[in-house]
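Annotated features in TrEMBL:
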- 5-39: repeat 'WD' (REPEAT)
- 49-90: repeat 'WD' (REPEAT)
- 133-167: repeat 'WD' (REPEAT)
- 236-265: repeat 'WD' (REPEAT)
- 266-299: repeat 'WD' (REPEAT)
């Protein structure tokens with residue numbers, strides 16, 4: 001372990017590298033705070049963003065890193081200025097939101113996955129809903145953009161996976177199977193050729209995502225870990241050769257992408273490992289965050 005950041009007082013729910021450079025790390029917590037950490041130099045807390053009254057569930061950087069979104073159990077979505085620490089816009093939601101994401105190519109729009117079975121596409125400037133995608137039968141858990149932002153994939157507690165075309169509220173591909181379980185966390189393979197989903201039957205499932213195709217790869221899965229109903233967000237090495245995930249027992253698991261073989265397990269935290277992020281430029285470094293309130297940097 002290279003470093004352990006210990007500023008949060010409750011479970012750390014999400015984290016993101018600063019876009020492009022990854023010299024900063026943004027984290028959110030059930031203590032209602034968001035923190036920005038220095039990765040390379042003194043490794044201290046550079047700023048704390050205070051404004052939510054209850055736990056923060058998710059955060060999302062804009063592609064230029066100048067702003068980020070947060071959403072919490074207080075049913076507020078907020079936009080923050082990364083440099084000044086000011087909240088520049090906020091929207092109150094009637095429904096609980098599970099994920100917020102800026103559109104990768106349009107900094108003025110973001111998407112919110114809600115527990116009413118809908119994804120709402122919002123305009124930051126007006127605060128208005130531009131489009132709603134509402135075919136799911138239960139809470140929407142994740143939003144993942146593919147095909148350079150022209151399409152996106154949603155997963156839900158209804159156990160189905162849906163593929164959408166941008167701005168068109170009609171499902172273009174529907175993946176469902178009686179054997180499928182709910183997928184509360186997704187990740188994209190570098191290059192965008194595949195997605196992986198943390199399935200609640202204790203395996204990571206794989207979806208092929210070509211330009212004109214989207215399907216589940218039923219011959220490939222990564223197994224051995226225990227998630228026990230938690231949304232442990234998996235990830236990839238920068239070259240896509242390895243898959244990584246935390247589990248409910250404080251461990252980090254590594255698999256070989258090509259063969260699906262388990263490589264090793266690292267004892268990392270004293271609680272659920274909520275997310276693992278490989279550093280995009282330092283292939284031997286990764287960060288993990290946990291319900292034990294800590295964020296750790298590994299080499």
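The backbone N, Cα and C atoms fix where each Cβ goes, and this holds for glycine too.
Long-range Cβ contacts of the repeat 'WD' (266-299) within its own chain (Cβ-Cβ under 8 Å, at least 6 residues beyond either end) map to 1-6, 8-17, 21-22, 25, 27, 29, 31, 37, 39, 43, 230-239, 242, 244-254. Counting residues 6+ beyond its ends, the repeat 'WD' (49-90) has Cβ neighbours under 8 Å at 10-11, 13-16, 18-20, 26-36, 96-102, 104-105, 107, 110, 112, 124, 127 in the same chain.
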